[in-house]
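**Student:** Sending over a structure as structure tokens; questions will come in a sec.
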């Protein structure tokens, strides 16, 4: 089985690293395409031994499972480019927030009468094999196609099948969830520093507290509220701290954050349906422009049946 990523950003890197660490896919069986070979994630993928190319169609050609790992509003343009190259063997997996199965199938059926499409929502902790993934299968995807994706994604964390109409809510909860956790951890560490702890120790203690709390919950059958109550002794420090959180609307803010992420996901779908995209994003999707912008000496060299960018040619990436 070969795996391809259209897009070589944070998600592609996280999944590729997770798959190779789990041993479910070898690095040389993975290909990623990107118009920008200066990305830090491209450099990291190269060091892992992943095949890289400027050409999305080449990634399609050399993949059995094809992940669309680009921004939602880019998806229609990518599909227009690769639709003619999709074959019956391909499993097309969209990781784009808000992009529906039907919108992808509509683009692909112009060339492939029964495209196998799966929509999934995952998160960046797949990089350490602690991701949270849900997926929904399309009209023509078979049971075994869903099982294959579940096998892949279960190797990098929790994975389960859901109805497609639940995926937007999942995006707001676990898709965006790591960002909520990192923000909370940053604030906890700031509190520790304010009270005299060294920054490094404060971050480590805060991270361990969140990790331990999550593991306690997953390993038990208790409600999180009960586990919270177990920490609070009468008149103690923790219940006083929780009073401050409740006074500040802590719970309400988290609920609103999930709702806001979910709502924005649906707005992104509307943008994708209308095929609206910024000029800067269009520039990134036009391969002819990429070729014109490529510096001398970065022509693609053959490797087997594919033309891959030599590892030595691309400079170390910078943060996107």
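Sequential numbering from 1, following the chain as shown.
Keep in mind that glycine also has a Cβ here, set from the backbone N, Cα and C atoms.
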**Student:** With 8, 10, 11, 34, 36, 56, 70, 71, 230 listed by Swiss-Prot as binding NADPH, identify the candidate in 97, 207, 209, 257 belonging to that site.
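**Tutor:** Looking through 97, 207, 209, 257, the residue Swiss-Prot assigns to the NADPH site is 97.
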**Student:** Do you know which of 263-291, 292-320 Swiss-Prot annotates as region 'Disordered'?
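**Tutor:** Among 263-291, 292-320, the range Swiss-Prot annotates as region 'Disordered' is 292-320.
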**Student:** A 10 Å Cβ contact count, applied to the binding-site residues 8, 69, 70, 97, 237: which residue has the minimum?
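**Tutor:** 237, out of the binding-site residues 8, 69, 70, 97, 237, has the fewest neighbouring Cβ atoms within 10 Å.
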**Student:** Which of these binding-site residues is closest to residue 71 (NADP(+) binding site) if you go by CA atoms: 11, 36, 237?
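**Tutor:** Among 11, 36, 237, 11.
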**Student:** Within 10 Å of the Cβ of residue 164 (L-proline binding site), how many other Cβ atoms can you find? Include all protein chains, please.
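**Tutor:** For residue 164 (L-proline binding site), the 10 Å Cβ neighbour count is 15.
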